[in-house]
Amino acid sequence: MELPGMTIMSQSPLLADAPSSIADLVKRINDDADASVSARLGQAAANLADQRIMLAEELCARQLSIATIAARTAAEAAGEASRTKAQIARADAEAQRWEAKALADEKRITSPYGKVALAKKISTRIDYALYGMVAVGIGISALNIQRTVTTHGTADPLTWLAFGMEAMVTVPIVVTMVVASLGMRLGKSFNRKPFAIIEALLLVAAVALNVLPHALAGDLLAAIQFGSVPALLAVSVALHGFVSSLLSTWTREAAVEASREREITQLSEALAA
C-alpha cells in the first residue's frame, strides 16, 4: 500500500530530476576543479619556465664574465710573456755586444798586429793632445814676449815681429816632436840625445825670454807668472819625449812578434802543402 504522501513525492518533477542535477553539479565542480588545477599547473609551468630562463641567462652571464676574465688574464699573460721575451732579447743582444767588444779587445791585446795598431792609435791621440797644449803655450808665451820686448805701441814694427821670437824658439821643438812621433810610427830606433839637448836649449831660451826682463827689473811675482807657461811647455815636451820613446819600444817589440808569427804561419802553410 502506498501512502499518499509518497505518491506525491515520487510524482514531483524536482525530485525526479534530482539525481541528474547533482550529477551536473558534481560535473561542473569537477570541471571547475580541473580547470583551476590546469590553470594553476599552467601558471606553475610558466613560472618554472621563467625561472629556467632567468637561470639560463644568469648562467650565460656568469660564463661570459668568466670568459672575459679568462681572455683578459690570457692577454695580460701574453703581454707579460712578450715583455719578458723582449727584455731577454735585449739582454742577450747587449751581452753579445759586450762579448764582441771583449773578443775584439782580446784580439787587439793578444795579436801582434793588434798591439802595433793599438800602440800607434794611442800614440796618435797623445800627440794630438800634446800638440794642442804646445800650441796654446806658444800663443800665450808669444804674447808675453811681445809685451815684454816692445813698449812703443802698434806703430812699431817690432811689436808684430816680436810674436815671431817665440816661434823661433818653439817651432824647432815642435819639429823634434813630430820627428820623434814619425820614428815611433815607423818602428825606427834612433838616438834621442841630440834631440833632447836641442829641446832643452830651446826651452831655456823660451824661459829666459819670458822671465829675465821681469827678474832683472826686480819683479819676482811677474817673473814667476810669465815663466809658468814656458815651464808647462817644457813639461809637455819632456812628456812627449818619454811617451814617444816608450811607445816606440813597444811598437818595435810588437812588430818583431808579428813578423815571427807571420813566418811561422808561412812555414806551417808550406809544410801542409
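Glycine is no exception: its Cβ is also placed from the backbone N, Cα and C atoms.
What TrEMBL says about this one:
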type: TRANSMEM; residues: 128-146; note: transmembrane segment
type: TRANSMEM; residues: 158-183; note: transmembrane segment
type: TRANSMEM; residues: 195-216; note: transmembrane segment
type: TRANSMEM; residues: 222-243; note: transmembrane segment
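For the transmembrane segment (195-216), the list of distant contacts is 141, 144-145, 148-149, 165-166, 169-170, 172-173, 176, 179-180, 222-223, 226-227, 229-231, 233-234, 237, 241: same-chain residues at least six beyond its ends, Cβ to Cβ under 8 Å. Counting only same-chain residues 6+ beyond the ends of the transmembrane segment (222-243), those with a CB under 8 A from a CB of the stretch are 123, 126-127, 130, 133-134, 137-138, 140-141, 144, 148, 170, 173, 177, 180-181, 192, 195-196, 199, 203, 206-207, 210-211, 214-215.
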